[in-house]
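Features of the protein shown, as given by Swiss-Prot:
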BINDING   H181, H201  (7R,8Z)-bacteriochlorophyll b binding site
BINDING   H218, E233  Fe cation binding site
BINDING   W251  ubiquinone binding site
TRANSMEM  52-78  transmembrane segment
TRANSMEM  110-139  transmembrane segment
TRANSMEM  142-167  transmembrane segment
TRANSMEM  197-225  transmembrane segment
Amino acid sequence: MADYQNILTPCRFAPKPHHGVELPRGNWAEKARPIFVWLLGKIGDASSDHPPGVAGTVSAVLFAFAFLIIGANFLASVDWNPIEFIRLLPWLALEPPRPNWAWVLAPMNEGGWWQITGFFLTMSLLVWWWHVYNRARALGLGTHMAWAFASALFLYLTLGFIRPLLLGNWGEAVPFGLFAHLDWTAAFSLRYGNLYYNPFHMLSIAFLYGSAVLFAMHGATILAVSHLGGDREVEQITDRGTAAERAALFWRWTMG
């Protein structure tokens, strides 16, 4: 029986853990022992073979701090009522300090919690970027994912740090909250002209969603031929008669 499974396979079993690409001696991840998690197996016999490492763990902890602070502030705003928390969740927000506080650390209930949350969230994202970059280098892969993530980080830092820095106060930054950040976006659009008529905004959205669809098409196609070994044909992806070639033919014929 094959020991390779994916998210579409119905059978479940416990094979020996696969350690992946051999890492250089002395690498921290080399000494970690892979573990199997039964609950993760519910979505395709998944296992946490890949240890998060120091950077991944630090990033997760920092993100958890930011997430918990936002959640606690949301709960406090509805007087710690869980029913109201669920009912009003889309409208709840953690707002940045008012403009009069400029760049100083504001009191907790007047934007201080937002500043602390922003610090933890920003550090989490930066450390996770380092994790992605470092893992790619350690495994001998390209760093394309890290630089793609860096472009999203640049937008995040521009709206949450660089632009407020240039304008002189934290009040120009984006609030945390579903409708709150959408309202901020609408106000930003009205302030600087309608973004929907901005050609650069049009191009960025087209490339954003276009690349997302292309990545989804690629991932779904390779997953569909994984039972034929298509996901393991990295070096043979252009050879004739392979599963990856059949997948490529599908899209070639689809596009005429």
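Glycine is treated like the rest: Cβ placed from N, Cα and C.
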Candidate nearest H181 ((7R,8Z)-bacteriochlorophyll b binding site) in space, where candidates are the binding-site residues H218, E233, W251 and distance is Cα-Cα: H218
Proximal but sequence-remote residues of the same chain as the residue listed as 'ubiquinone binding site' (Cβ under 8 Å, at least 6 apart): M217, T221
Assigned element (helix, strand, coil) containing H201 ((7R,8Z)-bacteriochlorophyll b binding site), judged by DSSP: helix
Protein Cβ atoms within 10 Å of H201 ((7R,8Z)-bacteriochlorophyll b binding site), excluding its own: 14
H181 ((7R,8Z)-bacteriochlorophyll b binding site), number of other Cβ atoms within 10 Å: 14
DSSP state at E233 (Fe cation binding site), helix/strand/coil: coil
Spatial separation of H201 ((7R,8Z)-bacteriochlorophyll b binding site) from E233 (Fe cation binding site) - C-alpha basis, Å: 38
Between H201 ((7R,8Z)-bacteriochlorophyll b binding site) and H218 (Fe cation binding site), the C-alpha gap once rounded to whole angstrom: 26
